[in-house]
Structures are given as C-alpha cells and as structure tokens.
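Here's what TrEMBL has on this protein:
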DISULFID  Cys141-Cys175  disulfide bond
DISULFID  Cys142-Cys158  disulfide bond
TRANSMEM  12-41  transmembrane segment
TRANSMEM  53-75  transmembrane segment
TRANSMEM  82-105  transmembrane segment
TRANSMEM  189-213  transmembrane segment
Amino acid sequence: MAVGLRCGSTTIKYLLFFFNFLFTLCGLAILVVGVICTGVLKGENVGALKGSVIFIIVVGATVFIIAFFGCCGAVRESHFMLTVFSIFLMILIVCQVIAAVLLFVNVNGINDAVGEIFKSALNGNNDAIIVTDEIQKNFQCCGATDPSNWKTIPVSCCAEGAATCTLANAYSKGCVSEVSWYVKQYGKALGAVAIVVALVEIIGVWFALALAAEIKKLSR
C-alpha cells in the first residue's frame, strides 16, 4: 500500500527508481548480447566460448532481476521489496569485490591459463584453436611465447589482408606476455571503474534502506 512520504523521501524514491531503471537497461543489454551470441554460436563446436556466453547471460539476467525488483519496490513503496533488493545488491557488491581481488591476485594464473589454451591448440583441440585465433588477432601476437611455437603459422598470426602468413611476417611477440601486459596496463583503470560502480551501488543500497525505513515508519 502506498504511504504519504515526506519531500526528502519522495526525492529518494525517484532517484532510486532512476538508478534502478538504468541498471535494468544495462542488465537487459548484457542479456540480449549473450542471447545473440548464443544464436551465432549455435551448432558450432566452440565449448570454451559457449561457457563465456552462458556466464554473460547469467550476469545480465542477475543484474536485470535485481534492478527490476528495485524499480518495483520504489514505485510500489514496498518495504519488503526494497529490503530484498538491498540484500541482493549487497551480495552483488561483495561478489564484484571478490571477483576483482581474484583477478588481480591471479594474474599469473591468467598467464598459465593462456599457456594451457595454446598447448591444447597445438595438440589439435578445435575449441582451443578458435580461442587462440581470437587471442592472436586481438592482441596482435603469435604463439604462447613466440611464432616458433607453431609448426605451421596460422593466418591469425599475421595482419589482416596478408597474402600469406609465414614466420617472416608473423607477429613477433608471444601471447602470454601480451595478455599479461594488457592485464597489468589496464588493471588499475578496471579497478577504478569497479570502485566507482561499487560506490554507486552502495549509494543505491543506502537509498533503498532509507526509503524502506521511512515506509515502515509511516505504515505503523
């Protein structure tokens, strides 16, 4: 049941709605991208990529559901919905922090994972070959440590449009070192973005709890 909120609480209500509306759109966008990728990969033997796509869908669905719950709680002025929203948003914040910490702590683990993918590709694993091709194209690198890792230099080791791809015109840098450089180079920026997002989410939790407390007080 709606209750008569004070001016300050009404402002918080609409700020919370706007906050969650933006997050709902973000979650929906992530979800749509994941679904589109699923359609593109349908029937293809790309298990490694499908795992990442499923993760994207789960993240998008989670963000969408939590934010939608917050929107409904604000509009309906529901103490229960706002409290549940706050709890789930706090859980999401904790998960983000844990994921960020694990990313920075396990930089060497990322390097090992890239090395293992190239090892699998050299052994003829089709999924790994597709992944290594994408890594080599995007990072402009070749092989785990250098182009000589390959018996036959793949096309992805050379610039797009090259007539042939040989050891002479292949990217000279290894992919393990390039991925490691990228993670270290942009790690601080990603960390800063994660902190800003977490702060915005914490403000969202504060808004929700403040509004829920006001609703509970006025409903007595």
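Even glycines carry a Cβ here, placed using N, Cα and C.
Projection of TrEMBL feature records onto the structure.
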residue : record         : Cβ within 10 Å
Cys141  : disulfide bond : 27
Cys142  : disulfide bond : 28
Cys158  : disulfide bond : 22
Cys175  : disulfide bond : 27
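Cys141 (disulfide bond) sits 8 Å from Cys158 (disulfide bond), taking the C-alpha atoms as the reference points. Geometry remark: Cys158 (disulfide bond) versus Cys175 (disulfide bond), CA distance 13 Å. For the recorded site, Cys175 (disulfide bond), the DSSP three-state label reads helix. Between the CA atoms of Cys175 (disulfide bond) and Cys142 (disulfide bond) there is a gap of 6 Å, rounded to the nearest whole number.
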